[in-house]
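In what follows, a single structure is set out as structure tokens and then discussed.
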Amino acid sequence: MTSRDPTGPRRNPGSSNRATLLELFFDVFYVAMFAQLSMQFARNPSWGGLGQTFILLLAAWWTWSTTVNATEFYDPQLRALQGVVTGTVFGVALMTVAVPAAYGGRGLLFAGAYVGIHLLRGLLLIVALRPQRAHAREQRFLFWFGLSGILWLAGGLAGPAWRTGLWAGAIAVDYLAAALRYPTPLRGRIPTDHYSRLSVHFGERYQQIATLALGELALMSTLRFSRATYTPARAVAFLTALVTALLFWQIYALQSNKLVDRSAHRRPQASVELAPYVYTCVVTGVIATSGGVDLVLHDPHGATPWSWVLLIAGGPVLFVLGRMGSEYVLLNQLPPTRLAWLALLLAATPVLTMLAPVLTMIASAAVLVGITITDVRRIRRVAPAD
């Protein structure tokens with residue numbers, strides 16, 4: 001299963017590409033996390049509330065992404081790595097419980113769980129890895145997560161007025177440090193050869209979490225509709241939500257296998273470096289859309305506030321942009337038809353605020369239908385040339 005490597009027991013690219021049962025169990029907890037985040041978007045749809053929930057979403061996503069990077073880099077049979085994933089499961093459960101009151105009485109619980117996950121991962125792997133050179137990678141992670149952890153914990157202890165700013169700074173440190181390959185005093189950056197070897201497992205893990213996010217959209221829409229008083233407008237909103245989930249899946253799945261193959265065999269470094277960021281858009285887009293569905297099912301009539309439009313229409317825009325990012329980097333494709341459809345939806349946002357929320361949902365779904373039709377036509381034109 002392993003290959004001899006000075007950086008420690010790395011995953012053998014020739015080994016099984018399937019996710020372990022422990023990894024799949026870890027993903028299950030993200031169904032609950034995504035559901036909490038979508039409900040949190042709906043609980044506080046003010047501009048400030050949306051920004052606060054977005055910070056929580058970024059933290060939850062970064063936890064998943066860094067855990068997947070570890071399971072891709074190291075041998076999955078390494079006991080310390082299995083301990084890391086198990087500990088992360090408990091940490092994510094605590095973060096999920098804390099989401100509704102993360103800016104209230106459970107701020108320290110959320111921050112403590114997040115910081116604990118990342119520090120525990122580094123410490124366990126440093127203890128387990130041999131030879132000594134293998135420690136350098138995890139020491140870089142520990143240094144940066146230790147720095148951001150100070151801001152996370154300070155925000156957890158601070159009052160609401162300071163918490164948002166401290167946590168925004170903390171998550172910015174986490175994302176920026178990764179983009180710069182964790183430059184660390186006396187250690188430098190993570191070498192580029194750490195990104196040069198990738199298995200199909202990596203791309204499939206991202207496929208799995210995207211599928212779970214889409215499942216959350218369908219699940220929560222069904223649960224919300226089943227608990228609401230039946231009206232024709234709510235029925236239309238529910239059906240539109242299901243159609244939206246199916247259209248998301250169609251847009252995502254269109255060239256999915258080709259992207260996984262390209263990421264593993266032709267552009268591994270670009271995939272490792274960019275996947276966490278482009279999938280931030282994909283996952284955020286789905287969860288924001290789910291929050292918008294919650295709002296529409298609660299009140300499908302009247303004008304649509306701007307913050308609601310951000311969820312209902314902005315979610316699909318973000319999802320499509322994320323998918324376009326992957327296709328541009330790995331396939332060198334930037335379909336002008338997609339850009340045109342997104343521009344049309346963005347240009348229509350002033351009109352959407354004058355429509356009922358259920359009509360805003362329908363308009364967003366109609367744009368996704370247009371994208372799907374033009375995508376299929378484009379792929380059919382390209383296929384004979386391939």
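Every residue number used here counts from 1 along the chain in the order it is shown.
Cβ atoms here come from the backbone N, Cα and C positions, even for glycine.
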Looking at the ranges 84-103, 204-223, which is given as transmembrane segment in TrEMBL?
84-103
Spatial neighbours of the transmembrane segment (274-296) not adjacent in sequence (6+ beyond its ends, CB under 8 Å) are 34, 37-42, 45, 54, 57-58, 61-62, 65-66, 69, 175, 178-179, 202, 206, 209-210, 213-214, 216-217, 220-221, 224, 237, 241, 244, 248, 252, 263, 308, 310-312, 314-323, 325-326, 329, 357-358, 360-361
The transmembrane segment (308-326) and the transmembrane segment (235-254): do they have three or more Cβ pairs under 8 Å, with pairs 6 or more apart in sequence?
yes
The transmembrane segment (109-129) touching the transmembrane segment (47-64) per 3+ Cβ pairs under 8 Å rule
yes
Could you check if the transmembrane segment (109-129) is in contact with the transmembrane segment (141-159), meaning 3+ Cβ pairs under 8 Å among residue pairs at least 6 apart in sequence?
yes
